Amino acid sequence: MEVRRRAPLPPPPGRVQAGDALPLPIRHTNLIFSALFAASLAYLMRRWREKIRSSTPLHVVGLAEMLAIFGLVASLIYLLSFFGIAFVQSIVSSSDDEEEDFLVGPARGSSAAAAVAPPPPPSSPAQCSLLGSPHDDAARERMPEEDEEIVSSVVAGKVPSYVLETKLGDCRRAAGIRREAVRRITGRQIEGLPLDGFDYASILGQCCELPVGYVQLPVGIAGPLLLDGQRFYVPMATTEGCLVASTNRGCKAIAESGGAVSVVLRDGMTRAPVARLPTARRAAELKAFLEDSVNFNTLSMVFNRSSRFARLQGVQCAMAGRNLYMRFSCCTGDAMGMNMVSKGVQNVLDYLQDDFPDMDVISISGNFCSDKKPAAVNWIEGRGKSVVCEAVIKEDVVKKVLKTNVQSLVELNVIKNLAGSAVAGALGGFNAHASNIVTAIFIATGQDPAQNVESSHCITMLEAVNDGRDLHISVTMPSIEVGTVGGGTQLASQAACLDLLGVKGANRESPGSNARLLATVVAGGVLAGELSLLSALAAGQLVKSHMKYNRSSKDMSKVIS
């Protein structure tokens, strides 16, 4: 079956458009201009032959000839424009190879960013005709006949689902058709998954393939977080009750004690390809070449060609037999930077191939990076932004706001976060619940939630200061991987959350400063969350608070029934 583009729906009454001034159908317009072109051309050719026979100068033209020339030019422009656009569209939409590349090609940016969009308004003017209920016959009756035919072809396997956006030219319509096809194939109800109210064109080829809707997540605000003299209202997307409230209490304690201070220790994204050499000796020669400071300027020049923001910082190598793992680190501006550093690494590998033709590149990523996996190299060397955030909480705030005392908090941190994590053999997990805050902020601001693995590496330290009266608390997070451009940051909801923090988009005056500021806000949020949860544990309030905010008897009754 051939999937055809459907003409756009007519505008609602009262809305005047420019096309309303043309009462003729497009086929009649094409016929008129084609006839005008043929008639004008025939007339001018006849007059040209007559002038040649009578030796009349060709540049002498009458009114009729001028009108014919005007008609010829006007009709030619119209026909070239009309058929030229149709020709280009047919080329773009007819290549099956390009459709395959679109399906399996590498994702751009942070592909797993969640689409946290607001629910559609009750009286939305553009409601979906494909409601997705297996028992809703009325929905099927309202479905256009052409869409019904396409759905049937997708279900039968005649039309691949992944080509719908390309063939139809309407991302919203493609999502609706795919959704209905999935409903019929599975026989499952999905009407609870919203379809309308989301810009599907914004994720095409960038954030998510084969969309059928979007997931709604509530976004809460914790704050103000007083950090480095600025007040931030921190957006957190979560379904865990008590999390935002607890973080908010931590923010209050920090603000009433004068605020927190942060420092960015390092800023560099990494990528580590792995290459195999004929012998271990040969691999060692390549290792020495890469780590020799004499060659760094040349490698840096080759690497930095990938982007005007990419700046190679260093290369760290490790060997396993004759396999060489090369960990490149570079500054990536306000982008999280995985694509940027990967392009730079590819440039260097191509350059090295000239001097080391026996080098066999196994993979652009050899897991020495290390991305989306807990790894000692990230814990020790850092990846992304390495941040330390600290605050001194006054004694009266500990008692009045946190409902505990300094000594109990210090003792709990040692026994739980330090000794307990050591007993568990934790890697980067010397904290109470840093991952909770990191993930909630990541989802709200369009980061890659999977990078919560290394971004949540954190060690929380508590000490009694000022003769034991006040509490010094700090979090050290060596690998916060965030960006303010690319990936899910361009989605409307996530961009709004970034704008709330004042870090939306790239900073033109100081490239990279927006991403670094976002990393410090994440660390500040973790500081607040750690302070509040440890206080709840020390005071024995954890179970009570979760029973109040994280559990509902009404919801439980639904589950039981």
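Using the three backbone atoms N, Cα and C, a Cβ is placed for every residue, glycine included.
Here Swiss-Prot flags 113-146 as region 'Disordered'. Per Swiss-Prot, compositional bias 'Basic and acidic residues' is recorded for 134-143. Taken from Swiss-Prot, the feature region 'Catalytic' applies to 146-561, supported by similarity to another entry. Sequence annotations record features per position, and here Swiss-Prot assigns active site, charge relay system to Glu240, Lys372, Asp448 based on similarity to another entry. Residues or ranges marked as N-linked glycosylation site in Swiss-Prot: Asn304, Asn550. The active site, proton donor annotation in Swiss-Prot covers His546.
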- Across the region 'Catalytic' (146-561), the model's average pLDDT, rounded to a whole number, is 95
- Among Glu240, Asn304, Asp448, which are recorded as recorded positions, the nearest neighbour of Lys372 (active site, charge relay system) by Cα: Asp448
- Message: Measuring Cα to Cα, how many Å separate Glu240 (active site, charge relay system) from Asn304 (N-linked glycosylation site)?
- Response: 43
- Item | Which of Glu240, Asp448, the listed active-site residues, has fewest other Cβ atoms within 10 Å | Glu240
- Ten-angstrom check, please: count other Cβ atoms within 10 Å of the Cβ of Lys372 (active site, charge relay system), all chains counted. 17
- Cβ neighbours of Asn304 (N-linked glycosylation site) where a neighbour is any other Cβ within 10 Å: 17
- Rounded Cα separation (Å) that holds between Asp448 (active site, charge relay system) and Asn304 (N-linked glycosylation site): 24
